[in-house]
Amino acid sequence: MAIAAAVVIVPLGVLFFISGLVINLIQASCFVVVRPISKSTYRRINRIFAELLWLELVWIVDWWAAVKIKVYADPETFNLMGKEHALVIANHRSDIDWLVGWILAQRSGCLGSSLAVMKKSSKLLPVIGWSMWFSEYLFLERSWAKDERTLKSGLQRLKDYPLPFWLALFVEGTRFTQAKLLAAQEYAASAGLPVPRNVLIPRTKGFVTAVSHMRSFVPAIYDATICIPKSSPAPTMLRLFKGQPSVVHVHLKRHEMKDLPENDDAIAQWCRDIFVAKDKLLDKHIAEDTFGEEKLQDIGRPVKSLVVVASWACILILGTIKFLQATALLSSWKGVAISAALMAVVTVLMQVLINFSKSERSTATKVAPAKEKNVNQPTGYEQDKTH
């Protein structure tokens, strides 16, 4: 991390991690005290505090970096967002796709109850991973033999969720890179599948399981297609922390869960067909820099995240002043050393968060030799095990 970037990033990190630890402590207390008495009450309380934490990252996108997210959707889809349970599937195009999802959830009023299927190591991330765990995110090891039961039980627990929630599932299983695209194309050609140009081949086991277990209480699937315009640099966590803007286009289409087929193989094929259509839609966007005639919806830029961050900043500044006055911490070399050590810890944690989001750090995909062509079982294509 460059020194100039650190001057900006470290204060943001101090604000995020201190306020986050406070929220984690409240979440932990509610988990121990409230949840055994009433799971519904715990979820309602946790939703509020999770939103307070996520709003800090929303502020970075909306106000600090001024990232413009343009949403293209039909009126029915747009009007129902946040008013119903939904399974959200999307291509995994950039390092901040999960933050784009949070922006849309915040605009829809369900940021605190937005969930996702994540890799297991995510829950170890200080503050953000811990809050995800308290919020009932689903954490998988990327081994179906181990994950099948975990996924099924996690989905079943959502059946009595008291408020509208979104569950995000990146069915490609990893972030898009050119190396992974080449591996996907090689496999598709050998297996007789449509050769992708802008997406990876979806991994359908998790999607089939999600549909099978959620169709009785989740009415809709939101199909999100994310694309970065040619005129905009790709957004990354480092660019966000530096306050550098980008533009992200999102196409949303709602599908009725009841319209999906009942058979597992047919559900898997439905998912693959969606990604073939998504690939063509991205072709159109690349050619025209827009999603065509779909209406551009106004999602605005609410001040709520700005108020939350300003409030946390005031509390932190006043608390720090009172603490320094009471302890005279900076009046001795020992105190200075302790303060420097804390800043170093924050710097390391922010670097971990930035590195965690980088698609370039994902393991390259591999293609195993295909013994026979079978469009329903793309088992020869082995995507990496990182999210």
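A Cβ is built for glycine as well, from the same backbone N, Cα and C atoms used for every other residue.
As given in TrEMBL:
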- 364-374: compositional bias 'Basic and acidic residues' (COMPBIAS)
- 86-208: domain 'Phospholipid/glycerol acyltransferase' (DOMAIN)
- 364-387: region 'Disordered' (REGION)
- 6-34: transmembrane segment (TRANSMEM)
- 305-324: transmembrane segment (TRANSMEM)
- 336-356: transmembrane segment (TRANSMEM)
Positions on the same chain near the transmembrane segment (305-324), where near means CB under 8 A and six or more residues out: 14-15, 18-19, 52, 55-56, 58-59, 62-63, 106, 330
Secondary structure composition of the domain 'Phospholipid/glycerol acyltransferase' (86-208) [DSSP: H/G/I, E/B, coil]: 63 helix, 18 strand, 42 coil
